Amino acid sequence: METAPHTSSGIRPAKLVIEGVSKRFTSQRNMVQALDNVSLSVAEGEFVCLLGPSGCGKSTLLNIVAGLTRPDRGRVLADGRPVEGPGQDRLVMFQESALFPWLDAFGNVMFGLKLKPDLTNRERRRIADEYLDLVGLGTFKHAPIHELSGGMKQRVALARALAPDPHVLLMDEPFGALDAMTRDQLYDDIQRIWGESRKTIVFVTHNVREAVCLGDRIVLMSPSPGRIAQVFGIPLPRPRDINSPELASYASRIAAALKGTTNGAASE
Amino acid sequence: MKRAALAFLFFASLAGAWELAVRSGRWSAVLLPSPVLVAEYIRGALLDGTLIESTWVTLKRLLVGYAAGVLIGLPLGLLTSTSQFLKDTLGALALGFQTLPSVCWVPLALVWFGQTEGAMLFVVIMGTVWSVIIATDHGARNIPPIYARAARTMGSEGFHTWTRVILPASLPFLVSGMKQGWAFAWRSLMAAEIYVTILTGFGLGHLLHYGRELNAMEQVIGIMIVIVAIGLFVDRVLFSPWERFLHRRWGTDLKEA
């Protein structure tokens, strides 16, 4: 199962190509090599999970793909074009709620849509309604953000990220702050939505079971310096149940490999 | 209803204590007029129109000066929040001038503008603008950076980010800054009216001043009560709707004004 470049059949065109990306952060006291010569290619419609312990550079890599951080070396190609900055073709869903409290749920979903000049206002409203329905929050359209639960907030964030129809959806530990039951529900939803929309998704997590449940491929990263340690293909059928024994057996193998990367780092 | 009744009871007993203090005869009636006398003065001044006219003159100055102070202070505060250089220069200037009691601007205003409406406005604006700058700067600096990042990924940049993200995100701070600015403007105007005698308009501060000159303590106390009442009223009318909106949207537990 190891180092499978693509999972399902056929050769799909590469949606994202990460070429030799390096990034270091320097503070007054020390220097961290967050990413060291990382290369990765993500196919169209693929669900890739970046998995690793904290400090392995997975979030940095996501930010570089999003265009929010510039790499020191290397480059990212999205649809064959080099990434120069943020773009509506690559939308990000953040770990903490980045929803705007001065807007209601509908207003938040509309924010990105209003920045698409080729839509009419009528189309924007229709699309916003559609995506709020898709995440099951149609009835909470005009709810103030602070009245929503953590899970509902992340659903609104998901609708907001999906509504402008990005080619790539970047998710930075979006369920990290949620309780287990809410998360299990969201795993089902995200698989259903991904199945319908066939977006290319890059999903950052440190939760092994979450990665196995969601990813076509799992890119295991190791810290200091941040590198790709191993790539696993997960050929399990979908929709996957996070509590299934097949999933657990994959997860335990990957967890062992993850342990190896952290121990290796500690002994360096 | 119960709250209103309790509040009424409180103020009624305050007036009662005042009346008792007058009747005890320990203080001269010239220095401490009875509440009845003060109420009579207010009634008389309302009926002959002097109070209405003065209030109108004062409120006009206040609104113009305050609006100018906010319109100048808001963009400057947003500006100082963007760079350390501006914070160290303009921001430091604002901080310094904010500590300066606004009555200290009066001598300068008199020399520069003479006994004119311009002098009044100058004092009010100087009293307002610095605190608005500081509150706005503080607000814009405390916006979680994730809002701007999220907006950037959705294609927002430059002016759009300022008007659609930074400004609304700092709204809670702006409102408290504007509220503080309002308090400063009101104080400054009273100082200006007491010290600057001009012929173009006779404000509440002037009534207060001449009350002292005529030794009419019921006028002095009556006008003070009117000033407090106006302060409370404007605070409600101007800021309560904003605070209710913030409360609804942010869910923050802002104290009701």
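Backbone N, Cα and C atoms are what each Cβ position is placed from, and that goes for glycine too.
Keep in mind that this is a model prediction, so the values were computed, not measured.
According to TrEMBL, the domain 'ABC transmembrane type-1' annotation covers B:55-238.
Using a Cβ-Cβ cut-off under 8 Å and counting only residues 6 or more beyond its ends in the same chain, the transmembrane segment (B:63-80) has close neighbours at 86-87, 90-91, 94, 120-121, 123-125, 127-137, 139-140, 162, 166-167, 174, 177-178, 181-182, 185, 188-189. According to TrEMBL, the feature transmembrane segment maps to B:63-80 (among others).
Outside the transmembrane segment (B:92-113), and at least 6 residues removed from its termini, the chain residues within Cβ reach (under 8 Å) are 76, 80, 119-120, 122-124, 126-127, 129-131, 133-134, 137, 184, 187-188, 191-192, 195-196. Taken from TrEMBL, the feature transmembrane segment applies to B:92-113 (among others).
Sequence-distant contacts of the transmembrane segment (B:119-136), counting only residues of its own chain at least 6 positions beyond either end whose CB sits under 8 Å from a CB of the stretch, comprise 61-62, 64-66, 68-70, 72-74, 76-78, 80-81, 90-91, 94-95, 97-98, 102-103, 105-106, 109-110, 112-113, 170, 173-174, 176-178, 180-182, 184-185, 187-189, 191-193, 196, 198. What TrEMBL lists as transmembrane segment is B:119-136 (among others).
For B:188-208 (among others), the entry in TrEMBL reads transmembrane segment. Outside the transmembrane segment (B:188-208), and at least 6 residues removed from its termini, the chain residues within Cβ reach (under 8 Å) are 45, 50-51, 53-55, 57-58, 60-62, 65, 101-103, 105-106, 109-110, 115-117, 119-120, 123-124, 126-128, 219-220, 223-224, 226-227, 230.
Residues 33, 38-39, 41-42, 45, 51, 55, 58-59, 175, 178-179, 182-183, 186, 190, 204, 207-208, 211-212, 257 of the same chain lie 6+ residues outside the transmembrane segment (B:220-239) yet bring a C-beta within less than 8 angstroms of a C-beta in it. The transmembrane segment annotation in TrEMBL covers B:220-239 (among others).
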